[in-house]
Amino acid sequence: MDTCIRHIESCFARADIKAKTWRQFTDENERHYAYACLARYSAIGQIMGGGIPEIPTVAIPPDARAKIASYLHRVIRDALGSSWPTVVKARSMSLDSSLYSVVDNETAKGKTRRYVKVISSTRNKRISLPLSGISRVSGNIRVVLDEEHKRAFIHVIYDVARLPKATGPAVALDWGITEVCTDSSGVHHGNEYGRALRSMAERRNKTGKARNKLHALSKRDAGSRRTKHIARNNLGTKKQQARTRRARAQLKTISGAAIKEVVYGDGNRTRAKKRVPQLPSQRPREIIIEDLSRLQGKARSKNISRLCSSWARNENQERITVHAYVGGSGIKTVNAAYSSQTCPDPGCGYVHSDNRYGDVFHCRNPYWDCNWQGDVDHVAAMNLLNRIEDHEINRFTPYGEVKKILDERFLRRLESRVGARIVPLGTTGNGVRGTCVEDGATAHGRTPSILRQPKLDVGGGQPPTRPSSVPVDRAEHAKAAGERTAFS
């Protein structure tokens, strides 16, 4: 009730109803009656119900009361609109050490049972919460109520023991939906993630289709015996919610193990048992991740859309931030625009959407034979690693500006090879389609999907040596092309 009253008062204040009423009526008795109605919530309710309040202290004719009530009904309706406050139950509360106490009692079997007695609304009477074990409870705590399982949790703040500062090489991560992530060394972590995510999405889709048919049937035959039977036995959500919790717990386990492998190294599996020492040189000094907070747009298919809706990318970023802090590693977020479409060769850097075909990356540079091939997630992680020292592309640079910067860098490399200044004839969203040399010769970009034709030697010597990745068969991954989407 208090929430509703405050909402009504705030709407009246924003609409400035009293000032409007003062300007609308000039007679003092009419103003007095209008203000008396606004001051009584019973009168407001009567007006909104179509009635005319009777206020004995104000003597005005019935037709004047009806006119004022009609006006107030109109302005109050416009002020309230369709908004109405939503009352949310408080399911948690924070307590400091003066608002609770910890008590140990002996049970009949001689065991110790610990209780936390928290303050209540009754003076000198506290609520006793039995704990399931013996744990240290001190400092500021938070009591969280779980209404579904009829229990309460007590959240206690502990100091996290940090490992010595890591001194290993920096590593960049490219998040995915078929695996948790791929690092800049080409190692895929959490390969079971995609299978579990796809299973969860397909099961949800199948269940949703069946439930939609039953919903349509119950809506068509509303009130019938069959409809009541369907609503009672086939449209519940308990089993569906339980399956969703189990599936999300599985995804959380897989992603947690993969992130720990990245942060703590190969010995993470036995680190708790102290079988493998975790030296600072075995852990990355800095972890570079891509910024997916502004990920938006329409997926290429419904299957991809369902996978992305179940993709816990924000949860993965929060988890790796915590583990990086514990492991003594720094964390840095960089701009991921065009990271999977840019050739990682320092002497090339050609950017085009045709460089990527599903899981396969193949540089389609039309100006010289780059022919860089590799896994597209590995390529994205390598480009993310290079952007940690990029002073032109920061985390918040718009993707259009990123494309322009990358194209300008490629043109400068092309100028150094040709030996003349390159003037772009027009840069489109698909890459550098046409350039010309100032002395009159032209070098037109070809559509990368067309087979490469023999080209003229434009000079500039041999291309610089580069780390060659393991070649990937294009046909082998053609089937997976429809199950992938470009996140960068």
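Just so it is clear, glycine is given a Cβ too, placed from its N, Cα and C backbone atoms.
Here the structure is a predicted model, which means the values were calculated and not measured.
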Per TrEMBL record, range annotated region 'Disordered' [choices 205-225, 226-246]: 205-225
Contacting positions for the region 'Disordered' (205-225) when only residues 6+ beyond its ends and CB under 8 Å are counted: 231, 234-235, 240, 306
Residues in the compositional bias 'Basic residues' (206-217) grouped by DSSP into helix, strand and remaining coil: 12 helix, 0 strand, 0 coil
Model confidence over the domain 'Cas12f1-like TNB' (318-384) (mean pLDDT, whole number): 92
